[in-house]
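For reference, the structure is listed below as structure tokens.
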Amino acid sequence: MIYDCYAMYLCEWCRTRDQKLRCATIFRNFLIENRLMVTHHAVILFVLVPVSQKLRGELGDFFVGCIFTAELSTPFVSLGRVLIQLKQQHTLLYKVNGFLTLSTFLFCRILLFPFMYWSYGQHKGLSLLRVPFNIPLHCNVANAILISPQLYWFSLLCKKAARLFDTAKAKKDG
């Protein structure tokens, strides 16, 4: 989480370095423009991780590990931002990275949740549809809170991918 925030700040610093702004100004602008993302990372790091570690005790290592697999999509998201800053959106690398971003995001951040419920169901002899009714309410609430932003971000990625291919198709047709 710290690395993600630092990398985002470095991107902002590189983007604005030609403007000869003071570091404090760049940092303030970064926090203002990225307040939702910085808040997201801070809440995960300083609230969710400590609380989940304290509350769960020795339980749930499998599920915590599953949640960490969500980060497998991060290098592709980061590479996409770097390629945009380098104005390389027209390259094959950008398109391949976009496909990998969508794929890893789908599998590691969206389908991860049904997989965890399915795995629990297999372990307890329950069907996937019965699992939510056989686990504590706070687990369902936590999963809903965790998947909600993933669904939103995935929809944004899909819209961006659709625009990329619409633009490519329009250039090809025109």
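Cβ atoms are placed via backbone N, Cα and C, with glycine included.
Unlike curated entries, TrEMBL annotations are predicted automatically.
Since this is a predicted model, take the numbers as computed values, not measurements.
For 1-166, the entry in TrEMBL reads domain 'TLC'. The predicted model assigns the domain 'TLC' (1-166) a mean pLDDT of 87.
Sequence annotations record features per position, and here TrEMBL assigns transmembrane segment to 30-50 (among others).
Marked as transmembrane segment by TrEMBL: 62-84 (among others).
Annotated transmembrane segment per TrEMBL: 96-115 (among others), in sequence order.
If you look up TrEMBL, you'll see 135-154 (among others) marked as transmembrane segment.
Below 8 angstroms of C-beta separation, residues 1-2, 4-5, 8-9, 12-13, 149 of the same chain, each at least six residues beyond the ends of the transmembrane segment (30-50), sit close to that stretch.
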